[in-house]
Amino acid sequence: MPEISLRHVVSCSSQDSTHRAENLLKADTYRKWRSAKAGEKTISVVLQLEKEEQIHSVDIGNDGSAFVEVLVGSSAGGATAGEQDYEVLLVTSSFMSPSESRSGSNPNRVRIFGPDKLVRAAAEKRWDRVKIVCSQPYSKDSPYGLSFVKFHSPPDKDEAEAPSQKVTVTKLGQFRVKEEDDSANSLRPGALFFNRINKAASASASDPAGPSYAAATLQASSAASSASPVPKVGGSSSKLQEPPKGKRKLDLGLEDKKPPSKPSAGPPAPKRPKLPVPSRTPAATPASTPAQKAVPGKPRGEGTEPRGARAGPQELGKILQGVVVVLSGFQNPFRSELRDKALELGAKYRPDWTPDSTHLICAFANTPKYSQVLGLGGRIVRKEWVLDCYRMRRRLPSRRYLMAGLGSSSEDEGDSHSESGEDEAPKLPRKRPQPKAKTQAAGPSSPPRPPTPEETKAPSPGPQDNSDTDGEQSEGRDNGAEDSGDTEDELRRVAKQREQRQPPAPEENGEDPYAGSTDENTDSEAPSEADLPIPELPDFFQGKHFFLYGEFPGDERRKLIRYVTAFNGELEDYMSDRVQFVITAQEWDPNFEEALMENPSLAFVRPRWIYSCNEKQKLLPHQLYGVVPQA
């Protein structure tokens with residue numbers, strides 16, 4: 001883009017004796033234009049161009065100015081510089097923030113304004129005069145002005161269509177910017193990593209050629225010679241894991257193509273009764289699975305049985321497909337680990353109970369979510385259900401792990417039919433006698449509300465294996481911890497009011513503790529607590545966005561988060577344009593001025609405003625609790 005030459009200075013409102021306005025005409029010097037004295041709020045200069053030009057872009061080098069505005073005009077009317085009407089070419093642009101102006105930091109910022117930053121109506125016309133207006137309202141300690149200013153006309157059509165291949169040098173005041181050719185073979189950031197990825201991709205693309213040749217060789221050989229590769233593969237056990245994987249894939253392909261080789265899979269069929277063993281000793285299953293992977297020399301007939309017993313990596317995400325879980329009573333980091341395992345198995349996660357939720361995974365009974373889901377008739381299970389499904393790599397019936405809720409469903413029935421009868425038969429008699437002891441032990445620790453029939457039957461624990469010891473330790477760690485994101489005080493208050501209004505249903509005698517489906521009947525026959533409407537919390541913070549700034553004493557930050565969430569407000573993790581209220585316990589901060597410059601509608605309030613709204617149960621004027629600058 002050609003640079004527009006400047007002829008002379010038409011007028012100037014203020015200039016220093018050394019740093020005069022004529023310095024803006026001299027591109028090869030390091031001189032500047034500054035105001036005559038410090039403390040002037042606004043200074044301006046009018047420059048005459050060589051001829052009328054269309055201005056395509058503007059380069060401005062600052063020298064202490066907070067704001068710069070560029071206007072354009074024409075001398076054809078014969079009016080003087082003071083009487084002439086100017087049009088805005090570049091709206092007032094910020095070069096220094098208030099804090100930078102007071103501290104004097106970054107006074108020489110350079111900004112390049114392209115055609116997208118200029119006012120289109122003025123940029124499309126031709127002008128021969130330019131007026132530059134600088135202002136510095138934040139500092140009165142030093143004079144200010146500009147280091148340089150450059151105007152560029154639109155590029156020629158020939159340049160736009162065929163840009164020159166020469167290396168050009170652009171001069172911005174005292175800096176020379178070298179524009180490198182894109183075709184030059186230079187080392188760019190991240191180039192080494194991209195090359196490594198490309199090399200790995202090309203290497204992986206060339207790998208399948210080996211197995212395809214081996215497959216052709218094996219297909220050409222006779223069925224009797226198929227046993228000869230076994231010592232080869234066994235001898236290459238010290239190599240990397242990739243070659244054995246490729247050979248196992250070949251074996252799978254040969255099993256599909258060669259029906260005569262399938263009778264070799266017949267002898268392992270009597271090993272079917274060994275399937276219940278992993279359920280009794282679950283620790284042996286993870287150890288045996290890597291062992292089966294690590295032995296590449298195993299015959300094809302034996303390799304087919306463990307492959308069908310465990311889910312492959314692509315099937316892991318489908319084990320809990322269609323399940324929507326909600327967690328209650330767990331504390332980080334175990335809470336996040338449990339959630340990640342459920343998501344890895346294909347389940348979906350919700351922070352609160354929603355109509356599409358299917359399972360509430362509870363650490364212990366009588367949490368707020370436990371009472372809510374129990375009243376809605378949802379399914380409440382223990383965490384061992386997710387842990388066992390993750391360890392066994394298959395979906396287990398959730399009714400074995402029920403704490404409360406629906407006793408059976410089509411989902412559980414489908415799972416039980418898919419499992420072998422030999423697996424389920426030895427488990428049920430061994431697990432059933434223990435729920436009573438656990439229920440009696442949990443009774444004294446529960447609130448004084450008499451348990452309903454659902455709660456007396458609810459804690460029917462699942463398999464009491466090695467994972468139970470780990471689970472009980474984590475339960476001890478989770479006990480007494482509140483759910484992150486739960487407004488537990490409000491939910492507990494609502495539950496207490498509901499208990500005082502309606503006495504609990506009398507216990508039904510003679511129920512079979514082993515019949516899981518009776519829970520569904522009790523929900524429909526006995527008067528359900530779900531029939532009573534739960535009082536809703538007011539939502540006077542709806543549509544309002546809050547940001548917590550600074551330090552808060554004690555657990556005040558946690559209380560503020562709970563109140564804002566309870567009254568349907570939204571908390572922002574970072575300062576953004578959406579924030580409307582900044583809650584702080586500190587005095588006025590200089591950063592607040594910068595935030596107000598970016599977002600004039602911000603309000604800085606004390607935490608007492610949130611507490612007062614909670615006490616009155618309505619939205620109070622925030623102006624009474626505002627944080628204002630001190631005189």
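The chain as shown is numbered from 1 upward.
From the backbone N, Cα and C atoms, a Cβ is placed for every residue, glycine too.
Of the candidates Ser97, Ser446, Swiss-Prot marks one as phosphoserine, and that one is Ser446. Of the residues Ser105, Ser420, Ser484, Swiss-Prot records the annotation phosphoserine for Ser484.
Checking the candidates Thr354, Thr452 against Swiss-Prot, the annotation phosphothreonine falls on Thr452. Of the candidates Thr18, Thr304, Thr487, Swiss-Prot records phosphothreonine for Thr487; the remaining residues carry no such annotation there, which does not rule it out for them. When DSSP labels each residue, the domain 'BRCT 2' (536-627) comes out as 34 helix, 15 strand, 43 coil, counted as helix, strand and coil in that order. Across the domain 'BRCT 1' (315-403), DSSP helix (H, G, I), strand (E, B) and coil residues number 37 helix, 16 strand, 36 coil.
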